[in-house]
Amino acid sequence: MAMVLDKSHTGRVFATHLALIVFIALSLFPFLMIISISLRAGNFAAGGIIPDHISLEHWKLALGFSYIDQFGHQVDPPFPVLHWLWNSCKVALMTAVVVLTLSTTCAYAFARLKFVGRKFGLNALFLMQMFPSVLSLIAIYAIFDQIGNYAPWLGIDSHGSLVLAYAGGVALHIWTIKGYFETIPVEIEEAALVDGASHFQTFRLVLLPMAVPILIVVFLLSFIGAIIEYPVASVLLHQEQNLTLAVGSKLYLYTQNYLWGDFAAAAILSGLPITVLFLLSQKWMVNGLTSGGVKG
Amino acid sequence: MQSKLARWAGSVLGLVLILASIWLITAVFRSGHTWVALTFTVILAGSIWLLASPRLYPWRYLYPGVFAALVFVVFPALYTVSIGFTNYSSTNLLTFDRATQYFLDQTYSAGGDALDMAIYPAGNDARVFLTAADGHSWVSDTLNLDKPTGKPVDLKVIPATAAPAGEKIALRGVIALQPALKELRISVPDHVSKYQISGFSKVSPSAPLFQQNADGSLKNLQTGDVLKPNIKTGFYETAAGEKVAPGFTVKVGLANFTQLFTSAQFRGPLLKIFVWTVCFAAGTVLLTFVVGFLLAVALSWESLKFRGIYRVALFLPYAVPGFISILIFRGLFNENFGEINYVLHTLFGIKPEWFSNPWLARTMLLIVNTWLGYPYIMLLVMGLIKSIPSDLYEASAIHGGGAWTNLTRITLPLIAKPIMPLLLASFAFNFNNFVLISLLTAGGPDFADSLTPAGSTDILVSYTYRIAFQDSGQNFGLAAAISTVIFVLVGALSLLNLKLTRVNAPDRK
């Protein structure tokens, strides 16, 4: 922009910088605080951002070790955080695999094949994802309670039930993958069909290898989605050993048993990998979607 | 070669799935749910037809995803609506058949000769040893008595000549095992009735407590009372009209809805909660938009350096998993130990009661939700600002327009239209923002005068969750009725949103 800049311009730039820095400081205050709290001794100590005395007791507990406090008592980890993290990852990994498989095949049909009700199906999927699963919690609970009578490994308090409950959430992903498929020239697949390949072969051997970026994005998104999901998991899981991180974490902050310091360490330990993964998926998402180009 | 193998693998997998479904259907059928089994059979036949017919080839790809979406998203939604028309709750949990079966499974000690019982440990398990007055004795196989199973357990004993090896468990230990022992129905050779526990260390012959009459009523064989099922209340009732637990689930028509909208006890909290839900969602959208928009404008200003760093720092609240950052705020806002009150107390000498004062709790929710939500709006607005042609700003500069003119006359009008559906979607999301409410305030502070668990920060979904799953009186029917109302509201919002998106569609191309 070729513009004449007056004197007040420098002042405005400076003011904007200042305002942004103040806002960012306020905005990141919780994160700085939580790091500081995780390094303080005890669960009730107040203090400034930089702790006077660094104590690793909360970190030991978060990593599953006991420690001896100043009175010589052994303090055991209050909750199996690493086990919860493992539960979360297990459920999320299975969910991501199932969701990716289901949504990729559906997206292929919507993008490449002709059938009656194609447009209706797409609109129905779009409408469906607007109703959050939290509205159906009662039915989800009742259904898995029933299933549990026949197959306990799919009933209440099982990870299988959680994966199944999440498996239905394919609507948005179908749209995403379909959008990407439509940006890939169909001519290559037509050539393969002419050469005698079946539909399934063109799908698996021609289309899928070209769509790897979007598959990774959808995989990561459904993985993260399953890790941070709270309502369904809170209804389906009960025993402490079975909880996922999202459900378990709140046990730290009960009024009767307030473990602020222990929570801080556990939150950083479990939140950091998920945050990094999310930032990575955002990077991929931007790349994957811009190179594919979102329609419309 | 490879493709042949793949084809075989496909067929084998299909066959295994079909066999597994048939096994499932027989299992359901055998347990007496004829209609469920029939429905499953129809679904299975339909599935095979869909997948096998060459004319319906695309369905081979569509089927798995569509099936999962139908079973785990659409069906639960419809099922929730249908529960709204029943009295399904913790007092009316069972189906009619199961409730009847419960009564028929009840037994009582019909008198007769009691046997002495002793429990002998066998590793982690135990053996039951019975002795009659005439000196006969019987012993059971090992069984685990640590935990009750929740249903009657059949146990067989065989004649024994001597007590099992080891020391028998002392009375104190036997008392600890009572929950599991009470479930035992012991068949003793040459004795017709089953035995059940009738004291800490005695068992006596038992007989069924109820007998079913031809008209469906149940006769209590011990007292002679007759219980009649009442399909209006969902209970077996005595002649005097007294309800006998457990009840069963029955259709109650619109009763839940009438109760919600006409009874003052329910209408009061529901109205308050609805108003707060709308205010919460609208307030969040407004605040996140103002903050996100201003930040986006600032970050789009090309004279500003370090924009990349600012962008990452400002985006961070969005990248951290919600359940963690919400809980962090829960701790920071804590009235006594929280860092926010520590700072406020040091600076101004005040300690606001964030969790016990309704208005402060609502303010806190809006602050936290703005923090959680502004990065998303910021990203959206930045994307939209990028698409505004820069010659508009140049023209404005030539005509002497300042920053304020640019903001209000160019940027805001140009992004208003495309951002509208996104803001509406954000409104719909926050209308049902269960996670925030549940993890931060759990609805509290609670109303003192409400029959149902309800609080000043409850939104509609968190209210249904509390009615359905909070410890006191799980009223699934009522909660499902409220869910149905929310379904309708969300549906209306979605249609409005679709309309707005369509109106915008020509503009965007």
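Backbone N, Cα and C atoms are what each Cβ position is placed from, and that goes for glycine too.
Whatever TrEMBL says is automated annotation, not expert-curated.
As written in TrEMBL, here are the features:
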TRANSMEM  B:12-29  transmembrane segment
TRANSMEM  B:35-52  transmembrane segment
TRANSMEM  B:61-85  transmembrane segment
TRANSMEM  B:273-300  transmembrane segment
DOMAIN    B:274-497  domain 'ABC transmembrane type-1'
TRANSMEM  B:312-333  transmembrane segment
TRANSMEM  B:364-385  transmembrane segment
TRANSMEM  B:419-442  transmembrane segment
TRANSMEM  B:476-498  transmembrane segment
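Among B:12-29, B:61-85, B:273-300, B:273-300 has the largest number of CB pairs under 8 A with the transmembrane segment (B:419-442). Each of B:35-52, B:61-85, B:273-300, B:312-333, B:476-498 was scored by its Cβ pairs under 8 Å to the transmembrane segment (B:364-385), and the highest score goes to B:273-300. Sequence-distant contacts of the transmembrane segment (B:273-300) (same chain, at least 6 residues past either end, Cβ-Cβ under 8 Å): 307, 310-311, 314, 362, 365-366, 369-370, 373-382, 385-386, 407, 411-412, 419, 423, 426-428, 430-431, 433, 454, 456-460, 463.
Cβ atoms under 8 Å from those of the transmembrane segment (B:476-498) belong to residues 77, 80-89, 92, 252, 256-257, 259-260, 270, 421, 424-425, 427-428, 431-432, 452, 460-461, 463-465, 467-468 of the same chain, restricted to positions at least 6 beyond its ends.
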